[in-house]
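Listed in Swiss-Prot for this protein:
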- 348-361: compositional bias 'Pro residues' (COMPBIAS)
- 211-345: domain 'PADR1 zinc-binding' (DOMAIN)
- 525-621: domain 'WGR' (DOMAIN)
- 391: polyADP-ribosyl glutamic acid (MOD_RES)
- 397: polyADP-ribosyl glutamic acid (MOD_RES)
- 419: polyADP-ribosyl glutamic acid (MOD_RES)
- 428: polyADP-ribosyl glutamic acid (MOD_RES)
- 429: polyADP-ribosyl glutamic acid (MOD_RES)
- 447: polyADP-ribosyl glutamic acid (MOD_RES)
- 454: polyADP-ribosyl glutamic acid (MOD_RES)
- 467: polyADP-ribosyl glutamic acid (MOD_RES)
- 471: polyADP-ribosyl glutamic acid (MOD_RES)
- 477: polyADP-ribosyl glutamic acid (MOD_RES)
- 495: polyADP-ribosyl glutamic acid (MOD_RES)
- 503: polyADP-ribosyl glutamic acid (MOD_RES)
């Protein structure tokens, strides 16, 4: 302990200066970071669980005797013997403080293994661990049935040397229950003796090898002991004879950075005197610092990302002691002798991030193997399956998936028809969570290599089930289908949000040009100060994937509506959680308030408030361009009394309501992991979205060229800072594969369309004479008429829907609710030159309902130049299909929201460049007007009819006699927006059969 001021979090007494204290690092509720909870050495083991010395940050920098003491405690499972421990479980045994046995006090607890109730009075065994979503609670009991605990013994870290009699509370059990537990949880015989027996049975060569290994271990331990004693001898002498300023001068003389804190300064000087002065990092010229398992660079690769260089053999030069220090006898006598630093086996280098500070149980972020059929799929198992659950779990993990513990964490359930009919409580939870259920035959077929998406439909046994999305897209359907920029799916499994996620809905009160943060509690009587056209409000972001931080900082200067009173309000925390705090300061004058605001902004960003060009600095925040132009109440007008005065046909009114549905927009943004608290709907500027596109292009290039992970870190930090994401307590994922990049491109596509819809919703005030629906209808500048159900064109279009539903898309049937004839203002004039082109077809194009305000008002668009080309099978263009269900999949309907919209457009295809595999088209070959991706199945060409002089390929799907193509169905792509004339919009109902296929 550096001082005697810290108090133990277990017993409350002070921890004496220079005594050994151990801390558990927990998430601070006040800011986006962790804080140490210090404990006396003896108290620590009653609360924490340590598996190896490497789990304790700073272990190798302790005195040798302290290292040995900790090592022994870890070997005994952190057990406490005698004083400070629980009762002894048996002769010479120590009680394990993080494992306990008792009789259940009620029937409310559930087993963490099988998830069934533990009945009152039954024996239950607990393993103490930290709840990753509520780490501030410390170690909490996770209860198991005895048999479930036994089956999970290894993964629960109940070591072979442990026995049931060491469980806390074992002594109060009945004799019968003690005997039962002893049989179920026996200790493995003495490892040392067993190893000796094994050695005796080995050949002479093996014995010699084992002997050499032991000698090597012994030699390393001796070296580590000598090294530690040398370092501590230097430290002790320096503390006696040198002032802090002397030590700083020594560091400067050896061209080493001077850290803050006396202890850190002593550590740096002693390291240099023992091993040599460290040379700068070759990557960034930063300072290397010893941190337990290696030397880590503390410099920055860029303004966005810290350097990730680490090594156990850094370059050094001899340590020099300037002559002016020869007045100090110890330094005068000191003769530098170069040593190479030795590292213990438990301190092997770990990837990228520095070693974690001591935590009771390290939490590993869930990862999925790439390129496997069940990658990103979390599977819940219910009921008695054809194989035992351990075998099924192994099979699922082999296919790239993970077994989930509960319905709300799963996106697929494997069970039986019997369980579905029985509708147990667990199955009710599955239904409530809208998780699709399949039989275990599904796994056998997946293992054989068949298409996952088709099998999901084939083996579905529930009448419910939400869309299952995977990052890895199936090869035959990898290409974008029919979206304005090649389909607009999030392409990302929806992660479960932590319990720390903020659920409150913020009501933003806009006065003048900005919304007052409601956390200030001044919104009713105040406004944000605006002077010289500059609004004194800033929202800042900072993401550091290496550290796992995802922080925000909000700053406002607030002025009273009537009085001359001023406040500076600031709030900070972790995006998407309730972690954070705030501060409201009343200032004595306007001038003082402005000065304080400017100083805070400069401190957090490194930039002057009035600076025209912002420069990002390392470890500093970056401003988000957020436009609080209108109150949300203006947007809500559409739903209040809408339609009462409308002159539009009822079906058209319902269509306008559907495409301007604010709740659907919010749901889409949540699905994309967008943080609605820090980035309210429609508030992020178009320029910032375009900047994010540009970053994704750079990410794509970096991935394609296999550039360093440090470069990907840098770009990922930039992207997540520009577009605030809600990852809860999870670490922001690295943008390191093309599928995830494409998912983020599609997210930005949708954000742009939502931004268009929202700007139409809130743009311009009406006089109150017109119905809100009519006002929005006029803004999309599209003539929309209802097509009569008994008309010829309705019959043709309905046949087109019925006949071109693909066999593999059999999870749902499509029901045509309405057909609208549409005429976008100015589109026909733009299309007119292509009207004379041959080969004009009426083709399908599907998209989310939230995108249709943008599509109708601005037309189908091609991906912007800033967007990366990844994910577009045939380059950036507008994609169409001749099979309705291929495009319908891109409507992103689901059982809980079964209504979708799909377009029929007249497309001037002309001479088609026919392809069977992906090709990044940037310029069509001479004489070609479009691209056709050849599919294995296509509408029967003999059944094609004409509608207003345009071919309608409404024949039933039949084999195209093309076997060497990577596409299941045809794709049509044009690269000039003028080649498209939108003709019809269909409102469809997706009638799901037994689940959903994507």
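Each residue, glycine too, has its Cβ placed from N, Cα and C.
Everything Swiss-Prot records as a feature, shown here on the structure.
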residue : record                        : Cβ contacts under 8 Å, 6 or more apart
391     : polyADP-ribosyl glutamic acid : none
397     : polyADP-ribosyl glutamic acid : 403
419     : polyADP-ribosyl glutamic acid : 382, 383, 427
428     : polyADP-ribosyl glutamic acid : none
429     : polyADP-ribosyl glutamic acid : 406, 407, 408
447     : polyADP-ribosyl glutamic acid : 395, 399
For the domain 'WGR' (525-621), residues assigned helix / strand / coil by DSSP: 16 helix, 44 strand, 37 coil
The domain 'PADR1 zinc-binding' (211-345) - residue tally per DSSP class, helix then strand then coil: 66 helix, 14 strand, 55 coil
Local backbone state of residue 447 (polyADP-ribosyl glutamic acid), from DSSP in three classes: helix
In three-state DSSP terms, the structure that residue 397 (polyADP-ribosyl glutamic acid) belongs to: helix
